Amino acid sequence: MSNTHLEPVSPLHACSDEKELVGNFILKSRSPEPFPLRPFASPSPALFPALPSPPPPASPLRRQRHMTTMAPPAPAAELPSKADAQQQQQQADDDDDLEEEEDEILAEEDDDEIDEEEEDDEDDLEDDLEDDDDEGDVQPADVRPWTSLKSMPVATQTALVGTLKRLQAQKRTELTALIVGKNGVGKSSVVNTIFGDRIVNTPVSTIEPDATRQYSRVASDFTLSIINSPGLLQGDGVSDRAMTEISKCANGKPIDVVLYVERLDTYRTDDNDRAVLCALNETFGPSVWARTLCVLTHGAASSLPISDGSEGAANGNGSAAADGAAYARYVSSKVAQVEACLRKATGNASASFATSAVVECSARCRKNANNEGVLPDGTAFLPRIVDLMADVALKGKGPMVHAHGARRRGKKGKLWQKLLIPFICYGQYWLFKLYSKHLFEADSCKGDRYTLFSSTDQEKKSSERDDKEARERVSARAREDDERARRALEAKSSDSASAPSANAMEALAAKKKKALEESANNASTSSPPASTPAPEQPAATSTTLASAPVATSPPTAAAK
């Protein structure tokens, strides 16, 4: 039996005998070889030359025009005449013009289609934004019987039922809690822990926040409702979309308690915490903190910086249980840290939470003898947090009813207070220039941020500072002198410019006077002597009278 081997060849686009190949491989019988899996050589280009790529398909209009206008080929024996050649050339030119026109029409149609698509996209985006503003994507409430209550430990069931009966004794048939906080602090896990069932998905990443939704469970004719909200952070600031969703979902609903969730294993607060607290204060008002329960998650984390060891027993994770007193001190310090951040965010020195609670949402937490989840100090956290929620609800005069859109802002400043701002800034400027600047310079001569200077260096720095101040005073005095000299030069130049004008006026007046005298003399010379009075002689000085002889004119005929 002969062995067959597969040898790859390049695909054939066309053959002379018009046979089609089924695949890219052919079967070829060969004699057996010691290495049948050797690589095969590529086929020779001479046997399979590269075929030219087919031209692109023509447009329907262009194909139809070519079918209708294409002339049949001329016979080989007959040569076209000159007129036929001109006609063919004219036809070719017309075809080119038609092709260009078709290209322009197609390009314009494409542009119009693109513009229409962009307009449609913009309209869709506006419609989506309007729908978000109008409806807010508020999910319907999930109301079900609290069936998971029966699967809890007996001690937990007894404590929870007792809390519900205590609320019913105060004529309460429903308790509604709003849970808020940053991203990734465990809000959904707290909801699942309270209800004892996985009713909210807890994604690992909260890049896209979940929708705000209310979950209600009914047990013993009492309804416990929790409004779960998405994380309030987006990037480096507060998410306006999340705040709007929370405000719309809580619109018109009576809220008995607010659960502000924070992690216990975080060791500091930052600007994001202050921004979140400030946004909540602006949305729900300053009175919301009197009915807010601070919930600290990850209460049994192994990374908590508390003393462990010799006093306690080992917990379920295998590490030593923390001392109860040290754990309580650490929890108190964390609550004080969050409340200090709250005071900075709200600007109210007396702002604080109603109370605080610690939970551990992990299923691997330590259990007590009753199979209840407990904290490192031995406290069963689930009955305690529900009991604290009931205390906060009963402590208030009534539930808080939130109205969407009615954000509470700070009080507007009065007009006279705003008018004081320029004067305060002006006073700060002169205070720095006259006092603070010299104080800072004198302090810089004593040392830097690392160490104090020696006495020699301090004297050197002081002398350099004094020299600098002296040079500044000299330069300031020189500038003042230059300014005074410039003003004096300007005044002198203005005076010298005005003096020639006065002299010109006097010269003009003298010229007019001389012209009048000459005209008078000319008039007296041209008139007859009898009627012409003798011209007045100017008064001569004493020197002229003494030196010049007196001349007498002979009497005229009229005088005789």
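For all residues, glycine too, the Cβ spot is worked out from N, Cα and C.
Going by TrEMBL, these are the annotated features:
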- 39-50: compositional bias 'Low complexity' (COMPBIAS)
- 92-137: compositional bias 'Acidic residues' (COMPBIAS)
- 457-493: compositional bias 'Basic and acidic residues' (COMPBIAS)
- 494-508: compositional bias 'Low complexity' (COMPBIAS)
- 518-529: compositional bias 'Low complexity' (COMPBIAS)
- 537-560: compositional bias 'Low complexity' (COMPBIAS)
- 172-411: domain 'AIG1-type G' (DOMAIN)
- 29-150: region 'Disordered' (REGION)
- 454-560: region 'Disordered' (REGION)
- Item | Local confidence of the prediction over the domain 'AIG1-type G' (172-411), expressed as mean pLDDT | 85
- Message: Under 8 Å between C-beta atoms and at least six residues away from its ends: which parts of the chain pack against the compositional bias 'Basic and acidic residues' (457-493)?
- Response: 441-442, 444-446
- Taking DSSP helix as H, G and I and strand as E and B, the compositional bias 'Basic and acidic residues' (457-493) has 37 helix, 0 strand, 0 coil
